[in-house]
Amino acid sequence: MSDSAFVNGGREVSSLPLSAQMPGMASAADWVTLLKPRVMSLVVFTGLIGMLVAPGSLHPVLGAIAILCIAVATGASGAINMWYDRDIDAVMRRTKNRPIPAGRIEPGEALGYGIVLAVGSVLVMWLATNVVAAAVLAFAIFFYSVIYTMWLKRSTPQNIVIGGAAGAFPPVIGWAAVTGTIDLMPVMMFAIVFFWTPPHFWSLSLWAQMDYERAGVPMLPVVAGARKTRQHIMAYTVLLSVIAVLPWALGDTGRVYGLSAVVLSLGFLVQSWRVLRDKQDEVGLSLTKDAPARAAFKYSLIYLAVLFLALAVDRFV
């Protein structure tokens, strides 16, 4: 590796080669970290729900392989993301100890790792299920790794809005793995995750604003300010609440899901309202250390998990 510095927006981030910053051999845990297992768990869950609510059936072994392919593809995208974002990861407090900026894994190794896993996951999905599921999986990898990571993330404060599509594909993939088609129901599941993503990540970005600003990432709080971000969180939560009840309103689900969607959405609206009404200084910065934003972020995780679980329960009761 050369001694040249990483540069982000013309600003020097580090003048030392990565291996000199923290020399050492990578552990198995480092290679797992590249796969972003926390993100993977939620993606695998929504993909599994997509399979469970789909009409028809898939052999349990093939179903397990399909879920594994979704997990591996998600991990591959995470590895490619960490390879590309190694410069900004090095200056953000919550990411500076990741394997690449910490010097435990070489960038080229991470990229190769991600590409091999990506290609392998798509090929195995094709062989185990069908071409539709494999094609959507391939596009999801491309969307996250290229469109979001390499283009949107550093170019627009709407990066999360558009890039949220990448995380919304798994239930569609799960459905397609069983049916070989894409119908209205998986599209609505896609829409739920798509509109859930902005309030989820903007809540995080409010209390991690300084990190994003230091790294030069144009997240909405950095570009438009905290006050505008709170307004956007509220607006997208309203949209999400409407979309979440659509499967019930259109008769595609029963009361279990419908009541769950209503109650959970009311809870999310309350959380977002608290974010909107958070005590602020004259420039819109929180006087409570963004406690409401932290609470909304945590609630959003519960919201999506329970909502999708209700879809599966509703299917079998």
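Note that the numbers count up from 1, one per residue, in the order the chain is shown.
Note that Cβ sites are derived from N, Cα and C of the backbone, with glycine treated the same way.
What you are looking at is a predicted structure, and each value in this text was computed from that prediction instead of being measured.
Pulled from Swiss-Prot:
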TRANSMEM  39-58  transmembrane segment
TRANSMEM  62-84  transmembrane segment
TRANSMEM  100-120  transmembrane segment
TRANSMEM  123-143  transmembrane segment
TRANSMEM  160-180  transmembrane segment
TRANSMEM  184-204  transmembrane segment
TRANSMEM  233-253  transmembrane segment
TRANSMEM  256-276  transmembrane segment
TRANSMEM  293-313  transmembrane segment
Other parts of the chain folded back onto the transmembrane segment (293-313), taken as Cβ under 8 Å at six or more residues beyond its ends: 42, 45-46, 49, 52-53, 171, 189, 192-193, 196, 199-200, 203-204, 206-207, 233, 244, 247, 253, 256-257, 260-261, 264-265, 267-268, 271-272, 274-275, 278, 286
Cβ contacts under 8 Å made by the transmembrane segment (123-143) with residues that lie 6+ beyond its boundaries: 58, 62, 65-66, 68-70, 73, 76-77, 163, 165-166, 169-170, 172-173, 176-178, 180-182
